[in-house]
Amino acid sequence: MLIFAPAKINLTLDILGKRPDGYHELWSVMQAITLGDLVEIEPAEGINLRVVGADLPVDSTNIAFKAVQALRAATGKAIGASITIRKKIPLEAGLAGGSADGAAVLYGLNKLYNLNLSQEELLEIGAKISADIPFCLTGGTALVQGIGEKVKKLPPLKKGYFVIYKPPFGISTKEAYLRLAGKDLTKEHPDREKILKALGKENLEDLGKFLKNLLEISALEINPEIYKYKNELLNLKPLGVLMSGSGSALFALTENLKKAKEIYYQLTLPGQKFIVRPYAAGPTCLKL
């Protein structure tokens, strides 16, 4: 089975506070995009994982490997798989590359082994592996709350293009959250009502105005180059620019492909860049 595993961006990321268990309560609008990994899964005796296109571990520290183990634990069945991941999503970017792969494995094995697990059951299993897996399983446009386990589908964003720019460095998610500790974020919170209204009307101009990610504050402290790169993108006059997740990837929102191409070709910073569109689904089976 060949599965497309879409990446995600955060159109907004608000942090409401830290829970007693150390996790942070979030309020985030996430969007799946047409950039993604290809995950090939075949039934097997044990767990055999191969990654092409990135230097990643292929043992139990890999989220895709953990997904097989989690399904075994949840079902009590000796599920095995031979998995090949062809990486397209940049690493340490805030684009949920690992979680996208984990979601694809849960989705694929549920079908391959006829486990008949409901979407709700898959979300519950996924949440125990990674905070982004519940959204990655859902895809499209969604409001994500809690620590990532509460996912509410929103009307899909059908308009617009995004130019994704990944600098030649990553940002540690753990450090990004740690840097927020003790900061007064009272005036930093996004306008939730306005971003939901802009999305509901598919008003891209307003959406661009209200893009907000609190983790940008700490990312700028960790690596001030982010500020320079963001300004470079803003100078190219998109509708808005934001860092996705804990970074380091930035995205520029545009109203059409012509403007997206203009930004893409004028952007001469070191790193990776992509033109993508909103994607209305989660993991998608391309071939049985």
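Any Cβ shown, glycine's included, is placed from N, Cα and C.
Sequence annotations record features per position, and here Swiss-Prot assigns active site to Lys8 (among others). In three-state terms derived from DSSP, Lys8 (active site) belongs to an extended strand segment.
In the three-state DSSP classification, Asp132 (active site) falls within coil. The annotation active site is assigned in Swiss-Prot to Asp132 (among others) on the grounds of sequence analysis.
Annotation source Swiss-Prot lists ATP binding site at Pro90, Leu91, Glu92, Ala93, Gly94, Leu95, Ala96, Gly97, Gly98, Ser99, Ala100, citing sequence analysis. Applying an 8 A CB threshold to same-chain residues 6+ apart, the list for Ala100 (ATP binding site) reads Ala5, Pro6, Ala7, Lys8, Gly36, Asp37, Ile89, Asp132, Cys136, Pro283.
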Subject >> Which listed residue (Pro90, Gly94, Gly98) has most other Cβ within 10 Å, given these are binding-site residues >> reply: Gly94
Subject >> Residues satisfying Cβ distance under 8 Å from Glu92 (ATP binding site), sequence separation of at least 6 >> reply: Phe169, Gly170, Ile171, Ser172, Ser248
Original post:
Lys8 (active site) has how many other Cβ neighbours within 10 Å of its own Cβ?
Top reply: 31
